[in-house]
Structure formats: structure tokens, C-alpha cells
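Peer 1: Structure incoming, see below.
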Amino acid sequence: LALLLVALAVAYAVPDPRGVIINLEAGEICMNSAQCKSECCHRESSLSLARCAAKASENSECSAWTLYGVYYKCPCERGLTCQVDKTLVGSIMNTNFGICFDAARSEE
């Protein structure tokens, strides 16, 4: 019995690599992209809860970087560029949307 209690105490003492506030998995509720493993805190509409989501892949809709850290369209995966016409109003309203493309491939 004592050995079982010690084993349980050790198991609970080991820190969980997934955090409550940071290092969140896809689908978990977030307030800022810095909290997500994927670095994208995404919301469907202004009334919905934001959740961690995967970054946009090639030829997918994307958002340019935003100060708010919450996106209606996730930024592109590493190595891709979000081709978007940035506007001041779009930056304020978080509506600067574009398409992810591979800049290295387009130069060839």
C-alpha cells in the first residue's frame, strides 16, 4: 500500500508538458496566439470563442500578422508567405485576408 501511494505521489508530481495557460493543443480555448502550440488563436466570428488551430497551408486563406493575436484566418505555416493587400482599416478590423504561397517556389 505504501509503495502504491509513493508511486501515485511521484506520478502527480511530474509536471504535465501541456499547460493550462500556455502550450495549448488545437481546439482548446485561448485568448492569444502566444498560448497555442500552433501559434494561432482562431475565431469563426466576433461572437465565438477563440480556439487554438493549425496554421494555414499553401493556397489556403490566411491573415497577416495582427497586434491582437487572435485571427479570423490563421497565419501561414513556416516557410510560406501570406500574400495580402494590407490596409489601415483591415489592420484595425483584423480583416487583412490573403492566400498562403511559397515565395521560394514562385521565384523559380
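Glycine is no exception: its Cβ is also placed from the backbone N, Cα and C atoms.
The taurodeoxycholate binding site annotation in Swiss-Prot covers W65 and is backed by similarity to another entry. Residues or ranges marked as disulfide bond by Swiss-Prot: C30-C41, C36-C52, C40-C74, C62-C82, C76-C100. Residues or ranges marked as signal peptide in Swiss-Prot (evidence: experimental evidence): 1-13.
Are these features on the surface or tucked inside, and what touches them?
Peer 2: Of all the Cβ atoms in the protein chains shown, 12 others lie within 10 Å of the Cβ of W65 (taurodeoxycholate binding site). DSSP assigns W65 (taurodeoxycholate binding site) to coil in the three-state reduction, outside any helix or strand.
Long-range neighbours of C41 (disulfide bond) (same chain, six or more residues apart, CB within less than 8 Å of its CB): C30, M31, N32, S33, Q35, A50, R51, C52, A53, G69, V70, Y71.
The Cβ of C36 (disulfide bond) lies under 8 Å from the Cβ of L24, A26, E28, C30, C52, A53, each of which sits 6+ residues away along the same chain.
Its Cβ placed at the centre, C74 (disulfide bond) has 25 other Cβ atoms within 10 Å.
Under the DSSP three-state reduction, C82 (disulfide bond) is assigned to strand. A 10 Å cutoff on Cβ-Cβ distances gives C82 (disulfide bond) a total of 22 other Cβ atoms nearby, all chains included.
C76 (disulfide bond) carries a strand DSSP state (E or B). Sequence-distant neighbours of C76 (disulfide bond): residues of the same chain at least 6 apart with a C-beta under 8 Å from its C-beta are K55, A56, S57, E58, S60, C62, C82, C100.
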Peer 1: Rounded to a whole number, how many Å is the Cα of C40 (disulfide bond) away from the Cα of W65 (taurodeoxycholate binding site)?
Peer 2: 10
